[in-house]
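For reference, the structure is listed below as structure tokens.
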Amino acid sequence: MAYTSTAPNLSFPFKQPSPLPLSDHHHIRRHTLRFTTTAASSSPLHHSNDPNKNKPQIPPPSAAPAAAIVDTTTTTTSRFADDQPRKGADVLIEALEREGVRHVFAYPGGASLEIHQALTRSKLIKNTLPRHEQGGVFAAEGYARSSGRVGVCIATSGPGATNLVSGLADAMLDSVPLVAITGQVPRRMIGTDAFQETPIVEVTKSITKHNYLVTDVDEIPRIVREAFYIASTGRPGPVLIDIPKDVQQQLAVPNWTRTVNLPGYTARLPKSPETSQLEQIVRLIYQSKKPILYVGGGSLNSSEELRRFVDLTGIPVASTIMGLGSFPCDHDLSLQMLGMHGTMYANYAIDNADLLLAFGVRFDDRVTGKVETFASRATIVHIDIDSAEIGKNKQPHVAMCADLKPALQGLNSIMEKKGSQFNLDFTPWREEVADQKQRFPLKYKTFGDMIPPQHAIQLLDEMTQGNAIVSTGVGQHQMWSAQYYKYKNPRQWLTSAGLGAMGFGLPAAVGAAVANPGRTVVDIDGDGSFMMNVQELATIRVENLPVKIMVLNNQHLGMVVQWEDRFYKANRAHTFLGNPANEEEIFPNMLQFAEACGIPAARVTKLGDLEGEMKKMLESEGPYLLDVIVPHQEHVLPMIPSGGGFKDAINEGDGRSLY
């Protein structure tokens, strides 16, 4: 039987019964969810109409992945005849195939054994076996974040399912399209405290966009199709499908013709932007003297339109940690990251702007600091796909609930039609901001032969020409990676931003390498974060994934140490990760972790040796670990203390001084 993978049919020809309707009990968390459209071709970039200022053109993103949508091009052949009964597990795997899934990250167990048996019968789906379920869900996230496609992970019931919780919460906060499938005890045993029973649907309600408990094998095709549709439309997010073992074993003849019928959900998806609102925004731009763009993760699928918008207006761009790469960090108009550890010039521009264009952002506390002082001089325009985010933390003057891509297309179209009438000149403002760049650049000190961690990342950026896919753990190394690596395109930068989950970097690199064969993938990690999922070295070796791992090893929980230095008189409270009996020893030995998994590794302790060792790492054909020993006294600067404002920014000092 031949079939073609297609996007869900939204014609809604009939109403169908559902054992788990999208009701108040099983509802979708956010009122409005991010809706993505396929990338449309745009006209060539050109200079704006400002005759007095020759602004550089912005190159389009190179090989930027498409938006997170269901694969619509796959044609395959079913293993079964049309009327041939098959197990529910086989129905599940074929349903995944029909959604265009070709890679999953699945760890087996008793309640998911049938699913894994069915996976061995699939000719299309390859399982990358993680060594821990958390590694599996983070790898699925890395796959989704770097490709724009829906990531899929599978785990067994009980502890297997609960090991997915951090990844689901992470995907929810960072709007990552994910489908997590868990095995469950047989239906008759649910609620009896059976062996390895956990009510994972109840556990994950508040950290998933939607979830399902499958009680009827005939519902599997519909549920899988709905799960992928919900995960990838509106504001993307994770969806969980919990399947009891007896449902996996039931025989059924699947009905593949049923369509997605979610009128309550689709009614809440944002509508097309209204021309009158877009024209109002254009008028505000024309009237402003000091406009600034504040862009976030919602701009990742709109990078081309964003670059065109900046080309037309000449407005400087500040990015959240999630938005890095949507606008090239090495462009003259890029102010790089704003917020707690953002650049001084980005935060200066926000503080002094008279118009804040907040596109695809949620005014997170790590960006705003003291909300009352954030952009206090500016008229605020907020465009976001999620209506729940508009006005939640900061009240805008103009609000638009819309997909950013068509909104930017509309704004660009209006400005292009105006032609010479739309004559913007923000030269004085750009010069003012450029002066701040000159006066307060990102900087660090060197101390003899010791390796500044900032320098290691800067060198990596130079040696990869800013083209690597970079994943990180969480902590100081994460912030330095955001500051010193100049991302050129969206989906190059993979990090746990909202949740801040240590241990994210290594498995996320696994997923990125699976999704992007041939690309350079580097996990920049801290020793603390690296050890939290160090077991995934085995996955990397067995799959022969060419992941490069650069551990910035300072023997401490660096970010917590920084806070101890600044606010707790340097009192160390369990932040030393080495061996207290021998503090001079590098402990544990990261090279032995690599050796145990057959991965080449080296350690570098002197600044003069770093470039040669990094070159060796990057030129190696397979995986490689480079243990870079760095001083623990370094601080991530600038730093705006929690709850502070721009005027409270710290830009000097480190752990070598007392405060």
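Cβ atoms are placed via backbone N, Cα and C, with glycine included.
Noted in TrEMBL for the protein shown:
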- 1-24: region 'Disordered' (REGION)
- 38-65: region 'Disordered' (REGION)
- 87-197: domain 'Thiamine pyrophosphate enzyme N-terminal TPP-binding' (DOMAIN)
- 278-411: domain 'Thiamine pyrophosphate enzyme central' (DOMAIN)
- 473-628: domain 'Thiamine pyrophosphate enzyme TPP-binding' (DOMAIN)
Determine the mean pLDDT over the domain 'Thiamine pyrophosphate enzyme central' (278-411), rounding to the nearest whole number.
97
Secondary structure composition of the domain 'Thiamine pyrophosphate enzyme central' (278-411) [DSSP: H/G/I, E/B, coil]:
54 helix, 27 strand, 53 coil
Report the DSSP secondary-structure composition of the domain 'Thiamine pyrophosphate enzyme N-terminal TPP-binding' (87-197) as helix, strand and coil residue counts.
54 helix, 19 strand, 38 coil
